[in-house]
Protein chains: 2
Amino acid sequence: MSKNGYHIAVVGATGAVGQQMLATLEKRTFPIASLKLLSSKRSAGKELSFKGTTYTVEEATPESFEGVQIALFSAGGSVSKALAPEAVKRGAVVIDNTSAFRMDTEVPLVVPEVNPKDLEWNKGIIANPNCSTIQMVAALEPIRQKVGLKKVVVSTYQAVSGAGLEAVDELKTQTADLLAGKEANPEILPVGGDKKHYQIAFNAIPQIDVFQENGYTFEEMKMINETKKIMNMAELEVAATCVRLPIETGHSESVYIETEQEGLSVADIKELLNAAPGVTLQDDTANQVYPMAAHAVGKDDVFVGRIRRDLDRANGYHFWVVSDNLLKGAALNSVQIAESLIQQDLLS
Amino acid sequence: MSKNGYHIAVVGATGAVGQQMLATLEKRTFPIASLKLLSSKRSAGKELSFKGTTYTVEEATPESFEGVQIALFSAGGSVSKALAPEAVKRGAVVIDNTSAFRMDTEVPLVVPEVNPKDLEWNKGIIANPNCSTIQMVAALEPIRQKVGLKKVVVSTYQAVSGAGLEAVDELKTQTADLLAGKEANPEILPVGGDKKHYQIAFNAIPQIDVFQENGYTFEEMKMINETKKIMNMAELEVAATCVRLPIETGHSESVYIETEQEGLSVADIKELLNAAPGVTLQDDTANQVYPMAAHAVGKDDVFVGRIRRDLDRANGYHFWVVSDNLLKGAALNSVQIAESLIQQDLLS
């Protein structure tokens, strides 16, 4: 690092995640020597504030990455596919928050609490997992380390900010319209680019991202495949049902697991999670303490509660996992990857 | 039946479910000779319309049931416990929508599409199952009949109207307040009588009804125990996670099952559900067709979609079940029980 820190670029700086990236870099006093805010042509020229200084957002081009050491990408898969290799060519390490490279066998997919060592074999691009995957593996890893993991069945309760700022606006406008007795006019959710759009206000939509031929959505397949890759367990059984809800920010997950070994008590799990990095246990049912999206917003940790044994299988457990999808689910995890690269002395 | 039909009483007529009971009796042109609308002292004196006639709601007392043949109860467990035996004493058959008698071994718990024959051994009281249980067993029964059922893991997405009209008002008021930048002031949800209350607008609360010592909520234990009783399968493995959401009406469920026998294809399941009474298949992912709460409101059926095989276990399947919790989940099922009693000639 230069004497003042690193030369950083944020691609997609004006988006929901991009703005959280800037807030996170600021909050964690990440060592920054220079900062470039990049975006599509459409958003170029906008002004954003960082540590009291106003920055003008520039259009991202291959040349934008000259001199950049760490490039945080969150501007959609096509932008990453086009520009991440260009950034790497110019010497930057790319931490990519899109799904573009996640399943690429040449690209490590990293949650620093789970598989920081995978950063060692990076070739310039590191992928940040899907938001719903990150919070789940952070909660599962301490259990897996202790008794192994055989099967995971997850049903998600996902917030609209995962679909971008436009989806947040749609939720708010639509909710106000319905409360005023007007009709809902869905234009974005469940998936901006898909054929049909459905009411999200006061509704639950069992579709996030587009459908695959096997009947699962791409979001569900992300959770399935990314969990196996992050945990380095190709044989792990994972199934997911991903649902979009009228919540602005904060993803929740109902998780059922079967462990390899039997005998772990609920008290054991609580102890493991209490000691786990990045995880906060919120589990006191006698006092109605459990994680909730509304309480997780703006917080860094993954919150776990409602831990209980399956009533039939000795290796079965149920729990409830909540996290801010824009922070640990995206921006924070990306910045933590950058911090882990520095800590492990993996930046050239 | 008298020449004009039956003498009916509706207990809890002013509540969310009571009002749907009246609407359902009217819509299905249930044969009614006389109708009594009963309630707590607090709501007595209110006027309600039925088939163009105005009825004054009376306070429910033991004597209210003189001459009543069918009493539909939906006024809370304590009212049912106090007055259902009194109604039976006076010759009425009670169809009770509360949890008061559901697990009583002397009381059949009935979903007419699943176990109509259990009505034969009723001793005057018949229990209507919990809303979230009804829609799930209606969807599961055709599959169970074909290949047996071993395990069920369900995560629910439940609407606030299941907690009564006050909860609906709280959702609306709170949502409007938050949109206007005001604070949320939760007073009812998740459970009116519990110690703490949490924001429901733009949130997901993993608590419905009070917690039991085993870490499950009473709602979750209802789903577990009622499913076994309705299906007459004490050995069936059932687990549930029940979650309250900012949805006015319409419960959704993410269901994972393991069947006894392997080999059922998704096409087989679609065929079974297409032929099942009270079930509508909505499953065409290529055209984004799947069940949603917002589309199920006001409709009688249980809607099933997102049917797909588990990617790991040959006897594993996932699907998504939606129904109007006030109709099939409560009022409609109660009226269908009454119709089934008539059809099976079980009314004295």
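Backbone N, Cα and C define each Cβ position, glycine as well.
Note that TrEMBL annotation is computational and uncurated.
Taken residue by residue with DSSP, A:Cys131 (active site, acyl-thioester intermediate) is part of a helix. Sequence-distant contacts (6 or more apart, same chain, Cβ under 8 Å) of A:Cys131 (active site, acyl-thioester intermediate) comprise A:Gln158, A:Gly162, A:His251, A:Ser323, A:Asn325, A:Leu326, A:Gly329, A:Ala330. Taken from TrEMBL, the feature active site, acyl-thioester intermediate covers A:Cys131.
Using a 10 Å Cβ-Cβ cutoff, A:His251 (active site, proton acceptor) registers 29 neighbours. Per TrEMBL, active site, proton acceptor is recorded for A:His251.
On its own chain, A:Arg42 (NADP(+) binding site) has no residue at least 6 apart in sequence with a Cβ closer than 8 Å to its own Cβ. Residues or ranges marked as NADP(+) binding site in TrEMBL: A:Thr14, A:Gly15, A:Ala16, A:Val17, A:Arg42, A:Ser43, A:Ser161, A:Gly162, A:Asn325.
Listed in sequence order, A:Leu109, A:Ala127, A:Pro129, A:Asn130, A:Lys222, A:Asn225, A:Glu226, A:Lys229 are the same-chain residues six or more apart from A:Arg102 (phosphate binding site) with CB atoms under 8 A from its CB. When secondary structure is read from DSSP and collapsed to three states, A:Arg102 (phosphate binding site) falls in the coil class. If you look up TrEMBL, you'll see A:Arg102 marked as phosphate binding site.
DSSP classifies A:Arg244 (substrate binding site) as strand under the three-state reduction. Less than 8 angstroms from the CB of A:Arg244 (substrate binding site) sit A:Gln158, A:Val160, A:Gly162, A:Ala163, A:Leu189, A:Pro190, A:Ile200, A:Ala204, A:Ile205, A:Gln207, A:Ile208, each of them six or more residues away in the same chain. Residues or ranges marked as substrate binding site in TrEMBL: A:Gln158, A:Arg244.
Look at TrEMBL and you will find A:7-122 tagged as domain 'Semialdehyde dehydrogenase NAD-binding'.
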### Summary
For A:Ala16 (NADP(+) binding site), the nonlocal same-chain Cβ neighbours (under 8 Å, six or more residues apart) come out as A:Ser161, A:Gly164, A:Leu165, A:Val168, A:Leu326
### Query
How many neighbouring Cβ atoms, not counting its own, are there within 10 Å of the Cβ of A:Ser161 (NADP(+) binding site)?
25
### Residues satisfying Cβ distance under 8 Å from A:Thr14 (NADP(+) binding site), sequence separation of at least 6
A:Leu37, A:Ser39, A:Ser43, A:Lys46, A:Leu48, A:Val57
#### Entry: Segment confidence, the domain 'Semialdehyde dehydrogenase NAD-binding' (A:7-122), expressed as mean pLDDT
96
#### Entry: Secondary structure at A:Ser161 (NADP(+) binding site), reduced by DSSP to three states
helix
### Query
Counting every protein chain present, what is the number of Cβ atoms, excluding its own, within 10 Å of the Cβ of A:Asn325 (NADP(+) binding site)?
30
### Query
So how far apart do the NADP(+) binders A:Thr14, A:Gly15, A:Ala16, A:Val17, A:Arg42, A:Ser43, A:Ser161, A:Gly162, A:Asn325 get, largest Cα to Cα in Å?
25
